[in-house]
Amino acid sequence: MTAKFTDYIVKDIGLAEFGRKEISLAETEMPGLMATREEYGPKQPLKGARIAGSLHMTIQTAVLIETLTALGADVRWVSCNIYSTQDHAAAAIAAAGIPVFAIKGESLEDYWDYTARMFDWHGGGTPNMILDDGGDATMYVHLGLRAENGDTAFLDKPGSDEEVIFFALLKKQLKEKPKGYFAEIAKNIRGVSEETTTGVHRLYDMQKAGTLLWPAINVNDSVTKSKFDNLYGCRESLVDGIRRGTDVMMSGKVAMVAGFGDVGKGSAASLRQAGARVMVSEVDPICALQAAMEGYQVVTMEDAAPIADIFVTATGNKDIITIEHMRAMKDRAIVCNIGHFDNEIQIAHLKNLKWDNIKPQVDEITFPDGKRMILLSEGRLVNLGNATGHPSFVMSASFTNQTLAQIELFANNKDGKYKKEVYVLPKSLDEKVARLHLAKIGVKLTELRKDQADYIGVKVEGPFKADHYRY
């Protein structure tokens with residue numbers, strides 16, 4: 001008799017059937033991943049791969065996980081955000097016999113405990129690959145090894161409430177795990193593929209400092225990720241999150257978007273399409289000029305604070321909305337973030353104020369003067385905390401890139417092809433990902449003749465643009 005599978009932590013395993021139905025629907029909208037299964041499945045390029053995955057545990061991620069396993073991988077999974085898990089998706093993955101540790105609304109203590117559990121491989125041993133979103137799994141190993149090697153001073157100097165919890169976990173691991181625990185993990189990891197802007201920044205910082213432990217592929221800067229997921233995904237999911245959280249009428253409202261990168265561009269478009277009058281703040285003169293040329297009013301946060309009804313941060317930086325900005329806002333202004341971390345808004349400065357929870361991930365905070373502010377998802381990702389994130393179709397492009405990156409690092413890293421540096425996928429694969437999604441939406445591609453291809457110096461089948469081309 002087969003032992004019952006128990007290597008998971010989910011809210012309710014009874015939600016698995018519901019999750020499976022939604023996974024089936026999502027598969028129809030994710031042609032890139034399904035085509036990847038069909039092309040690579042017989043070759044099993046990930047056979048022997050043990051992938052530690054830290055990425056929002058959504059229905060779309062479930063399709064990614066099952067693509068990785070269809071290609072031969074063994075997987076353990078956690079969410080990379082305490083509010084982004086879809087509990088029925090996690091239940092479906094657990095019911096399929098895949099270890100997953102994720103609950104929507106989990107505590108930060110549980111979040112880091114689950115991350116640690118992800119590295120304790122079933123049957124012994126360690127993972128040999130990481131699939132990351134935001135870099136927390138990568139940082140867990142890097143900082144754990146640093147402390148294991150004797151540099152522990154940083155553990156007593158946390159820079160945030162979350163680091164207090166994270167560093168306490170590392171201290172616990174150093175005390176309880178056998179000597180050399182982190183060194184063994186670090187030795188076995190062949191590479192990491194990173195999903196998002198914030199995690200990519202961390203990787204480049206480590207590369208610059210010479211501390212990166214293994215090769216990394218920057219999935220975020222694949223064109224079919226950043227120019228689609230970051231832009232078109234946010235264009236659909238931002239307003240979805242705000243509406244589900246507040247039921248507010250967007251038309252006629254004044255909205256302020258901090259940051260006009262790809263995420264900011266999508267966010268501003270989302271609000272404009274909903275009928276809001278949109279202002280933008282920027283530090284980069286190029287992005288500021290782009291915003292102005294798109295017809296947005298470019299102002300500072302100080303200008304916008306007393307005027308706007310809705311505030312959205314999309315910068316990847318810290319302290320974008322300060323306590324002073326919040327004090328200057330209108331009564332019941334709506335404040336949210338669509339960047340990866342929660343430090344774009346000074347949430348810590350609000351902890352001593354009066355909080356009233358309206359419903360999950362919606363809080364009303366009252367200032368001493370009686371003014372109130374509506375905060376969504378406690379400053380974490382509003383589109384995943386208050387809604388269900390990006391639609392399946394756009395995530396198919398991102399996750400096809402992730403799958404190809406895992407294959408590159410695990411199966412194609414021959415003769416030291418990938419060193420301890422950060423790479424991007426080649427243009428040919430970027431174009432392949434795009435091509436896989438065309439038929440689903442009825443796109444008919446024009447084909448170059450040989451003489452036309454020769455004239456512009458490309459191959460008939462592509463790639464069609466130089467690496468330096470900006471889409």
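Every residue number used here counts from 1 along the chain in the order it is shown.
Using the three backbone atoms N, Cα and C, a Cβ is placed for every residue, glycine included.
Per Swiss-Prot, the features are as follows:
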BINDING   THR58, ASP133, GLU195, LYS225, ASP229  substrate binding site
BINDING   196-198, ASN230, 259-264, GLU282, ASN317, 338-340, ASN383  NAD(+) binding site
The most crowded of the binding-site residues LYS225, HIS340, judged by neighbouring Cβ atoms within 10 Å of its own Cβ, is LYS225
In all the protein chains shown, the tally of other Cβ atoms within 10 Å of the Cβ of ILE338 (NAD(+) binding site) is 30
THR58 (substrate binding site) sits from HIS340 (NAD(+) binding site) (Cα to Cα, rounded, in Å) at a distance of 16
CA pair THR196 (NAD(+) binding site) / LYS225 (substrate binding site), Å rounded to integer, equals 9
One should report the C-alpha separation between ASP229 (substrate binding site) and GLY261 (NAD(+) binding site), rounded to whole angstrom, as 13
Taking all protein chains shown into account, the Cβ-based neighbour count within 10 Å for GLY259 (NAD(+) binding site) is 27
VAL263 (NAD(+) binding site) falls, by three-state DSSP, under helix
Students should find that the Cα atoms of THR198 (NAD(+) binding site) and ASP133 (substrate binding site) sit apart, in Å rounded to an integer, by 8
As a whole number of Å, the Cα atom of THR58 (substrate binding site) is distant from the Cα atom of ILE338 (NAD(+) binding site) by 17
